[in-house]
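Swiss-Prot lists His81, His83, Glu87, His126 with the feature Ni(2+) binding site. Sequence annotations record features per position, and here Swiss-Prot assigns Fe(2+) binding site to His81, His83, Glu87, His126 based on sequence analysis.
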Amino acid sequence: MRAYWFDNKEGDQRELHDSGRDVDPEYLEKLGVLYYHFADEKDVDKLASDRSYKNRDVITVSPQKMGDVYEEKVKMFFNEHLHEDEEIRYIRDGAGFFDVRSEGDEWVRIRLEKDDLIILPAGIYHRFTTDDKNYIQAMRLFKEEPKWTPLNRGPEVDANPYRKEYLQTVPAIASQ
């Protein structure tokens, strides 16, 4: 895992967009983002048990697996959104980027690769893309039945109770 400030330059979302300014993992924790590196899936099983993740599935995001809908899906994943539950991803192969909003409403880019696990809190604005190799395989973990319901950023979603709860846990973001 490597986290850094997104450079906001034009170009393909799958490029690095590396500003050259790294972000410390402790800063991610301040935003509510948790990161682990697990070479053994048994460690993932323990985390799942400890955090009451009852369900999981595996998704492969690639042109070979998704065919003609790949580009459309990657663009959809890159729309800024939040979820009403945690987003947990354990990278089994390939690499990709999660971008999360900072307290200054800037993007922090988090590069994940094999054996990285990330937990995004409910209510955090974020987006996802593969890297320029166009391939990632990830285990998705869920507390309840598997679902992926993005709520795209806008005034209505800003008023969402899960967003408000997130803002209460991260006061620096709420004061924007």
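Note that Cβ sites are derived from N, Cα and C of the backbone, with glycine treated the same way.
Overlay of Swiss-Prot annotations on the structure.
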| residue | record | contacts (Cβ under 8 Å, 6+ apart) |
| --- | --- | --- |
| His81 | Ni(2+) binding site | Tyr125, His126, Arg127, Pro150, Leu151, Asn152, Arg153, Val157 |
| His83 | Ni(2+) binding site | Leu120, Ala122, Trp148, Thr149, Pro150, Leu151, Tyr162 |
| Glu87 | Ni(2+) binding site | Ile118, Ile119, Leu120, His126 |
Listed in sequence order, residues not in His81, His83, Glu87, His126 with Cβ within 8 Å of the centre of the Fe(2+) site Cβ atoms: Leu82, Leu120, Ile124, Tyr125, Arg127, Phe128, Pro150
His126 (Ni(2+) binding site), number of other Cβ atoms within 10 Å: 24
For His81 (Ni(2+) binding site): DSSP state (helix, strand, coil): strand
